[in-house]
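Visitor: Dumping the structure here so I can ask a few things about it.
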Amino acid sequence: MWQLVSSTALLLLVSAGTQAADVPKAVVVLEPKWNRVLTMDSVTLKCQGDHLLRDNYTWLHNGRPISNQISTYIIKNASIKNSGEYRCQTDQSKLSDPVQLEVHTGWLLLQVPRLVFQEGELIQLKCHSWKNTPVRNVQYFQNGRGKKFFYNNSEYHIPAATSEHNGSYFCRGIIGKKNESSEAVNIIIQGSSLPSTSLLLSHWPQIPFSLVMALLFAVDTGLYFAVQRDLRSSMGNLKNSKVIWSQGS
């Protein structure tokens, strides 16, 4: 009886754990994908997550609610005050991880999707100009050395990142008759030998589930062998027992 109650309790624990794990996080997506923009740029943030047709969306900027209840939040003319951390949530999903938006001033800005990459990943760099003003003779630099030159402004792609791509990057180009340069950004390349923290965290609900299932299997297996042992013992006692007949019976 105790084993049956324990198995039932464990099954209820598994059910509750899987239901909690089934609620996904919402995700904030930037369009365009760059999280570093210039003043007057337009930026669209999209909240992706499980939702019903009439669900409301909750947006937070630096922890404060935004009066926006739809899936997209549009910044038409970005200013410094739009910089900061953005998060979103739907009625059917948990609060998203934060996405950082940086609004800068200047003629040129080196844009990159993020500053930390894993070995083997694609790195995309863009020399972005204020109000998309035409730029020519664009050159990308790493640690002060020229790496790529374009007569017309183009993105610079590094197909597979290695440790050699660690360092400080900036771009330079001619706008009108002036030679302009962007501020430098530091890019870090991490080794790929160990899984990332986010990858480990994404699988954490499966770990206790696996342990509980293994425990259930062990309990059931133990009960099976215990019953088999008792049956063999009973059969053996029956065979070895002597039956005494009395004439009067």
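Each Cβ is built from the backbone N, Cα and C atoms, and glycine gets one as well.
Pasting the feature list from Swiss-Prot:
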- 1-20: signal peptide (SIGNAL)
- 21-206: topological domain 'Extracellular' (TOPO_DOM)
- 24-104: domain 'Ig-like C2-type 1' (DOMAIN)
- Cys47-Cys88: disulfide bond (DISULFID)
- Asn56: N-linked glycosylation site (CARBOHYD)
- Asn77: N-linked glycosylation site (CARBOHYD)
- 119-172: domain 'Ig-like C2-type 2' (DOMAIN)
- Cys127-Cys171: disulfide bond (DISULFID)
- Asn152: N-linked glycosylation site (CARBOHYD)
- Asn166: N-linked glycosylation site (CARBOHYD)
- Asn179: N-linked glycosylation site (CARBOHYD)
- 207-227: transmembrane segment (TRANSMEM)
- Asp220: site 'Important for receptor turnover' (SITE)
- 228-249: topological domain 'Cytoplasmic' (TOPO_DOM)
Visitor: Between C-alpha atoms, which of these recorded positions comes nearest to Cys88 (disulfide bond): Asn56, Asn77, Cys127, Asn152, Asn166?
Guide: Asn56
Visitor: Given the recorded positions Cys47, Asn56, Asn77, Asn166, Asn179, which one's Cα is the least distant from that of Cys127 (disulfide bond)?
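Guide: Answer for the nearest of the recorded positions: Asn179.
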Visitor: Nearest to Asn56 (N-linked glycosylation site) by Cα, among Asn77, Asn166, Cys171 (recorded positions)?
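Guide: Closest by Cα: Asn77.
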Visitor: To the nearest whole angstrom, state the Cα distance for the pair Asn179 (N-linked glycosylation site) and Cys171 (disulfide bond).
Guide: 11
Visitor: Quick check: in three-state DSSP terms, what is Cys88 (disulfide bond)?
Guide: strand
Visitor: Tell me the Cα distance separating Asn152 (N-linked glycosylation site) from Asn166 (N-linked glycosylation site), rounded to the nearest angstrom.
Guide: 26
Visitor: Need the DSSP three-state call for Asn77 (N-linked glycosylation site) to compare against my parser.
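Guide: Its secondary structure by DSSP: coil.
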Visitor: Quick one: give me the count of other CB atoms within 10 A of the CB of Cys47 (disulfide bond).
Guide: 24
Visitor: I'd like to confirm something. Which of the recorded positions, Cys47, Asn77, Asn152, has a Cα closest to the Cα of Cys171 (disulfide bond)?
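Guide: In terms of Cα distance, Cys171 (disulfide bond) lies closest to Asn152.
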Visitor: Count the Cβ atoms, other than its own, that fall within 10 Å of the Cβ of Cys171 (disulfide bond), considering every protein chain shown.
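Guide: Its Cβ has 29 other Cβ atoms within 10 Å.
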Visitor: Rounded to the nearest Å, what's the C-alpha distance separating Cys47 (disulfide bond) and Asn77 (N-linked glycosylation site)? Just drop the number here, would you?
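Guide: Cys47 (disulfide bond) and Asn77 (N-linked glycosylation site) have their Cα atoms 20 Å apart.
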Visitor: In sequence order, which same-chain residues at least six apart have a C-beta under 8 angstroms from Asn77 (N-linked glycosylation site)?
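Guide: When sequence neighbours closer than 6 are ignored, Asn77 (N-linked glycosylation site) has Thr39, Met40, Asp41, Ser42 within Cβ distance under 8 Å.
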